[in-house]
Amino acid sequence: MEEPDAARLPSRLARLLSALFYGTCSFLIVLVNKALLTTYGFPSPIVLGIGQMTTTIMILYVSKLNKIIHFPDFDKKIPGKLFPLPLLYVGNHISGLSSTSKLSLPMFTVLRKFTIPLTLLLEAIILGKQYSLSIILSVLAIVLGAFIAAGSDLTFNWEGYVFVFLNDIFTAANGVYTKQKMDPKELGKYGVLFYNACFMLIPTVIISVSTGDFQQATEFSHWKNVLFIVQFLLSCLLGFLLMYSTALCSYYNSALTTAVVGAIKHGRWFKILLFNTKQPVET
């Protein structure tokens, strides 16, 4: 009678630790990105996303060369296996960074809670997953709370609202499709992360150059500021850790669980801490 419980214990521990890992990474990257995009006034969220993609490719490729991890070599079937993840991946990156820079952090965290019902809906449509009435009512309660909190926003910003709702959609779809694509017999979680970043790096660079985003980044005045450079590199590393922890959490749990962890990571004391942000750095 004890063997089934013993067999389930590692799985329960893995689910818990993966959720905690994801929540921690998700919180830290919002903190660092908020400092870069508002405190320092870094004008190029797309370039920041490019740095995170490049870091992901480098870490995973070096790890594969050193046989630390394994994922399949490239072949012509891989793009079809991944679609539409690369598009969702870059959309999630750009909309997330843009919304962080245009909204106050408390309002950003409130509106990000709409990811939860979107994830529940997409899991039902795409994965055929069914949830109990109690879970559905809990999700509706979260949405109601988000509506009430959003109604008190005195710094209404249409552009910021559009970006954060796009980010909610991309995040929900990315989570559900990631769960669907992470079959160990196919690409596995490392293959999904690596080829996602590879396929979208060049198009994102082209978008950055054509929109003038890359030029703004190169002309930024704080590149000689050591503290800024450290935070920029930290954001790139956290970008990789966030993508990895998201895949890990989705692998051991449901996409809905991942969405809920992403929404609750900003507890009230986190919001109080982050709301007391420093004034913009003098240039």
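We number each residue from 1, going along the chain as drawn.
Note: Cβ is positioned from N, Cα and C throughout, glycine not excepted.
For reference, TrEMBL has these:
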- 12-32: transmembrane segment (TRANSMEM)
- 19-266: domain 'Sugar phosphate transporter' (DOMAIN)
- 44-62: transmembrane segment (TRANSMEM)
- 133-152: transmembrane segment (TRANSMEM)
- 158-178: transmembrane segment (TRANSMEM)
- 190-211: transmembrane segment (TRANSMEM)
- 223-244: transmembrane segment (TRANSMEM)
Distant-in-sequence neighbours of the transmembrane segment (44-62), which means Cβ under 8 A and at least six residues beyond its ends
33, 36-37, 69, 71, 90, 93-94, 97-98, 100-101, 190, 193-194, 197-198, 200-201, 204-205, 207-208, 211, 213-214, 216-217, 220, 232, 235-240, 243
Does the transmembrane segment (12-32) reach the transmembrane segment (223-244) with at least 3 CB pairs under 8 A, where each pair is 6 or more residues apart?
yes
Six or more residues out from either end of the transmembrane segment (190-211), which same-chain residues have a Cβ under 8 Å from its Cβ atoms?
44, 46-47, 49-50, 53-54, 56-57, 60-61, 63-64, 69-72, 74, 78-79, 82, 85-87, 89-90, 93-94, 178, 181-182, 217, 243-244, 247
